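What Swiss-Prot says about this protein:
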type     : residues                                : note
BINDING  : 11, 12, 13, 14, 15, 16, 17, 36, 44, 148 : NADP(+) binding site
ACT_SITE : 144                                     : active site, proton acceptor
């Protein structure tokens, strides 16, 4: 019986990448990460303060102790990238929004290596082929869609992973700006609060990504993570929270017109976060029918995966 595929994670120390690494190790896949000989700059402004306390150095040491294979290399060194890719079967990219175009370097290296069974480009959000978002989010989605088209044109085997709303961005503050825990007095709700959204923890994204990587049925498909107990409206989530704290929050409903105005007037990261919230809570970009010829619903494809529900996730803040 053949062993499990060897998996390379690019961007392994990010908010999602680390969870993919840990899930790969747990699943028994030989796991590889690309690490730079010299540290890169980190002067960018993050969307939210990471809930993950580990430094990159601590993560790399943790990976090493877990049996992860560390490959020295650099995204800007084509030869080292090709060398890394030749050692594996599956390549998973978990780059942030500022590095989407850098995936062109990965695509070129995959083409030269000629051995990759599957490439997961950096998606991990809403479906970039099904959305009605506004800038600055739309610009990022269009970049990701362009990467999809290049992958397809080059004939590279792929899986696209659409996980919608991370709990770290959307749930730990009930999609409120400038706070890091759920509010206990008042809450702002975009639109009428009755549009379904899909929520998932970063750890569960890691688990489901590796499930898809080990699933031949996910080849050249888009995997959609819309877990049944986490497919909720913001009103339903607020009701769950109110029941936990035994208090009714003061609710202010914000019109789409006002949200769009706020997006234009806000600076980063608030304009980006508001555009994400607008996409899911007002435009309903997590509400659609899948095409079984090219899509998989994760909860149906991997029914044995136990996941953290929204209800369970909120317990830590009570």
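One-based numbering along the chain as shown.
Backbone N, Cα and C atoms are what each Cβ position is placed from, and that goes for glycine too.
A simple way to gauge crowding: the CB of residue 144 (active site, proton acceptor) has 21 other CB atoms within 10 angstroms, across all the protein chains here. Less than 8 angstroms from the CB of residue 17 (NADP(+) binding site) sit 9, 10, 11, 94, each of them six or more residues away in the same chain.
Within the same chain, the residues at least 6 positions away from residue 13 (NADP(+) binding site) whose Cβ sits under 8 Å from its Cβ are 56, 59, 60, listed in sequence order. Here the residue listed as 'active site, proton acceptor' is positioned 18 angstrom away from residue 15 (NADP(+) binding site), judged by their C-alpha atoms. In the three-state DSSP classification, residue 11 (NADP(+) binding site) falls within coil. Other Cβ atoms within 10 Å of the Cβ of residue 11 (NADP(+) binding site) number 22 in total over all chains. There are 21 other Cβ atoms within 10 Å of the Cβ belonging to residue 15 (NADP(+) binding site). Residue 144 (active site, proton acceptor) falls within a helix when secondary structure is assigned with DSSP.
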